[in-house]
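A.B. asks: Pasting in a structure now, in structure tokens, and then I'll have a few things to ask.
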Amino acid sequence: MTTRTIFAASGSRQGLLLTAPAVLVVSGIVAFAFASLVCYSIWTQTYLDMDHTPTTLNYQRFFREPMFLFLLGKSLLIALGASVITVLAAYPVAYYVSFKVQRRKLLWITILTLPFWMSYLLRVFSWKLILGYNGILNTGLGTLGLISAPVEALLHNSFAVVLTLTHSWAPFAVVPIFLSMERIDRSLLQAAADLGDTPLQAFRRVVWPLTLSGVFSAGILIFIPTVGDYVTPQLVGGTSGIMIGNLIFAMFTKLNNWPLGSAIALMSLLAIGLIVFAASRLLGVHKVEVK
Amino acid sequence: MMSGNHHIRIEGVSKAYGSFVALKGIDLSIAKGEFFSLLGPSGCGKTSLLKILGGFEAPSAGDVIIAGTRVNDVPPYRRNTNMVFQSYALFPHLDVYANIGYGLKRRKASEAEKRATIEGLIDLMQLKGLENRNVEKLSGGQKQRVALARALALKPEVLLLDEPLGALDKKLRDEMQKELRAIQQRVGITFVFVTHDQEEAMALSDRVAVLFDGRIAQVDTPRNLYNRPKSVDVAQFIGTINLFDGVLRSATGGRTTVESPDFGTISVAEPAPSTASGRLRMAVRPEQVAIEAAGAAAAPGRIAGEGTVTALSFRGDRSYVELALKTSGAPLSVVVPNVSSSQVRSLDVGTTAGFSFAAEDLLLLE
Ligand SMILES: Nc1ncnc2c1ncn2[C@@H]1O[C@H](COP(=O)(O)OP(=O)(O)O)[C@@H](O)[C@H]1O
Ligand SMILES: [Mg+2]
């Protein structure tokens, strides 16, 4: 018992030593990037020059001009929608593999993550091919005589963005949910049944609470990168599907206003942080110990 | 057995997992309020049988009848049985109180009644003060008591226990055995208790079924299992036993005459076991054998012999003496209580010792 704890302790210390260089480099880079963002956000762009006098003007602009808050709000909503839908789609898949498949579970998971082996751009483009004006869906529906003229509304809107994001990220969501299910001792389900729970009740009272941490990780894993995504909105979103990422991207490129771009980026970061925190409270994840 | 009082009847139950047959035609009946144990080595099918009683596995053949109703197709959540699982299966996301109250939650009783039930069990299991403790942070003995309380909370007709004391150390296990027996007597529920520990089965049970390889070898009271085992396997599994070869000479009116290379022709007041070849085995428990002076003649009603001491071991309250019989060289184990160890003290490895045992203690086995 004691020897095992000692080994475990030395094992984790060894792990710490081994990962330390990588962790230091990565956190150094992140800290540098973050510090740069903070600095830029309190400076002012004066045409080609940078005015280094600290100011809150960029933040004031962010809150004063409705477009910024609107775009941020919309991006958060789209990302939230994509995360929720993705998790909802991934959960039954993970459940099936974990609880119903008897053998070769890992093979199943590998096959499920196949779409992820394809380049991100290719995946987005394939949706363009499916949803586009002359795309597969319109052609198919037209051939079947279900529509007389191609429907334009399929592409270039928020729906297309959510759909594409969901498809892109679903495999990412399956894995953490699947892992949280695999950790559940199967005799717990028998115990629940023994104590009078129907399968549905046992799911609600045992499986769901014990997979909450996996659901939460999956949601976060998707939510954070999708809020700032600017590739998908640009390719399938059109003008009405534009998101905060596109704006930040533009600030750092075409519009050449790094200070304002930094302020928007930091405000987005803050919003994401607050939402993640609120969601963890709401789902009660902080009460479930992650082992 | 009191007929008409069968609480659980298991009729011709078999269980196959794919091509592997884990249970082969089990017939059992268990009385209401009985403490009944399933005893056997690991892998003999004890858990499988218990799971069939709990409804977690369906029998491949045969019927399970509880309180007069055939329950083969009744799912666990509709059975009036509860189980204490081998690994306790406590819900890790719930505290002690919520674990014990898990099954009560859906019941129609008032909240106050439910609270009273849970608190009563917390008292009974001496878990006071641990109500809000996470179950992962409990000791083995505490987990075991929570598992027991959780199963008892629903006041089942039958409690199924799968090696519930297996993970505890010896001292705690002895304590829990006493508590378990006391609780069973207090609540009056039929207990079906699985164990691979013969001492535990004997200490707790009204009756024990010994299982080998998916078959029942014998169902009996602990006393009879020990004193009247029906086969060599059972005799060897329940405690230690000395075995000698013999040949059946005659069997009349409940008396059997056997010829043995070690003891000559002896007559025992016991019916002969069924033996096709005429060969049989004679058996006697180590504590039924007494050490005698070498060369002493047998007292009336006793069977005597001589052997060379091959090992001696002192165990405080008793000593173990291992002999090799002069006649056939067969090994003989003797346990001598140390209150009367004067003969033992004069023994040494390599010396010759006499021994004897009562003819009536000799068992005839197939
Ligand atoms: N679900 C199962 N699938 C296949 N074989 C099983 C299964 N459950 C038990 N067995 C096999 O059946 C035999 C009896 O198992 P079990 O009832 O658990 O024995 P015990 O509880 O006496 O140790 C063992 O050989 C075990 O490997
Ligand atoms: Mg078992």
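Using N, Cα and C of the backbone, Cβ positions are placed for all residues, glycine too.
TrEMBL labels come from automatic prediction, so no person has curated them.
Since the structure is predicted, the reported quantities are computational estimates derived from the model, not experimental observations.
Below are the features I grabbed from TrEMBL:
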TRANSMEM  A:16-43  transmembrane segment
TRANSMEM  A:67-94  transmembrane segment
DOMAIN    A:72-279  domain 'ABC transmembrane type-1'
TRANSMEM  A:106-125  transmembrane segment
TRANSMEM  A:131-151  transmembrane segment
TRANSMEM  A:158-179  transmembrane segment
TRANSMEM  A:206-228  transmembrane segment
TRANSMEM  A:235-252  transmembrane segment
TRANSMEM  A:258-283  transmembrane segment
A.B. asks: Checking distant contacts: for the transmembrane segment (A:67-94), what same-chain residues at least six beyond its ends satisfy Cβ-Cβ under 8 A?
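C.D. replies: Result: 61, 112, 158, 161-162, 165-166, 169-171, 173-175, 177-178, 181, 211, 214-215, 218-219, 222-223, 226-229, 242-245, 247, 264, 267-268, 271-272, 275.
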A.B. asks: With pairs 6 or more apart in sequence, are the transmembrane segment (A:158-179) and the transmembrane segment (A:106-125) linked by at least 3 Cβ pairs under 8 Å?
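C.D. replies: With 3 or more qualifying Cβ pairs, these stretches touch.
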A.B. asks: Using a Cβ cut-off of under 8 Å, list the residues of the same chain at least 6 residues beyond the transmembrane segment (A:235-252) that approach it.
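C.D. replies: Same-chain residues near the transmembrane segment (A:235-252) but 6 or more away: 68, 71-72, 74-75, 78, 121, 124-125, 127-128, 131, 155-158, 160-161, 164, 227-229, 258, 260-261, 264-265, 268.
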A.B. asks: Do any residues of this chain, six or more beyond the ends of the transmembrane segment (A:131-151), have a C-beta under 8 angstroms from a C-beta of it, and if so which?
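C.D. replies: Residues packing against the transmembrane segment (A:131-151) from afar: 160, 163, 236.
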